[in-house]
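Step one of this worksheet: look at the structure below.
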Amino acid sequence: MNNNIILQCINLTKSFYRKKEEIRTLNKISLKIRKGDITFITGKSGSGKSTLLHLLGGLDKPTSGSILFDGVSLHSMSSNEIAKLRNLKLGFIFQFHHLLLDFNVLENIAIPSLISKKSIQESKEKSYEILKKVHLEKKINKYPSELSGGERQRVAIARALVNQPSLVIADEPTSHLDKNNAKIIFDLIFELNSNLNTSFLIVSHDLRFIKKAPILLEMKNGQLFNNKN
């Protein structure tokens, strides 16, 4: 396997049955994510995008096909190994920030680091460094309720990056933001990709920004198509 390939899925299929009829939500998907890639996936609701992200994040199992992370099959990993992979090698950004309201900015960012058994001091130091990269170091002691929607999503991005993952998976990260904050988030993602060489896999419907995508795929009826001219 090419050492630059972080994640690869081969002939990935996910099916369910309705009255003995097989319904395929994903149909023989093959995909490669390389180090430093920014890959966008677009497509209509119900086309299979969320199902694909769940499989790639180890949150569900395919009906057939394989998923390799750094050359190792997720199928061969135990549930504990997959959980460790999700915490250390993968970062996740969702439509809603999912910040803990009783934790301040620094404490929210530090959570994945603490889960990975880092000390409180090391976790705080790592969190502050990534906080500077999302340009929110002046908000270090603020609580989510004291932040704007765009700032809360930037904290969520910092939390996804605190363990220096190889790949960040983002599901509609700007869907709840206005145009200006959405632009800030996408500009930040491209900046972080350039500075950290972190790969991003982003599901988005925001046509204003996916036009900038170096790799653009479209999901149609459970299949992926290259949509970049």
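For all residues, glycine too, the Cβ spot is worked out from N, Cα and C.
Residues annotated as domain 'ABC transporter' in Swiss-Prot, with sequence analysis given as evidence: 7-229. The ATP binding site annotation in Swiss-Prot covers GLY43, LYS44, SER45, GLY46, SER47, GLY48, LYS49, SER50.
Positions of Swiss-Prot features highlighted on the structure.
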residue: GLY43; record: ATP binding site; contacts (Cβ under 8 Å, 6+ apart): LYS49, GLU218, MET219, LYS220
residue: LYS44; record: ATP binding site; contacts (Cβ under 8 Å, 6+ apart): MET219, LYS220
residue: SER45; record: ATP binding site; contacts (Cβ under 8 Å, 6+ apart): none
residue: GLY46; record: ATP binding site; contacts (Cβ under 8 Å, 6+ apart): none
residue: SER47; record: ATP binding site; contacts (Cβ under 8 Å, 6+ apart): MET219, LYS220, ASN221, GLY222
residue: GLY48; record: ATP binding site; contacts (Cβ under 8 Å, 6+ apart): LYS14, THR25, LEU26, ILE29, MET219, ASN221, GLY222, GLN223
residue: SER50; record: ATP binding site; contacts (Cβ under 8 Å, 6+ apart): ASP171, VAL203
Shell of the ATP site beyond GLY43, LYS44, SER45, GLY46, SER47, GLY48, LYS49, SER50, same chain only (C-beta within 8 angstroms of their C-beta centre): MET219
C-beta crowding around LYS49 (ATP binding site), within 10 angstroms: 25
Model confidence over the domain 'ABC transporter' (7-229) (mean pLDDT, whole number): 88
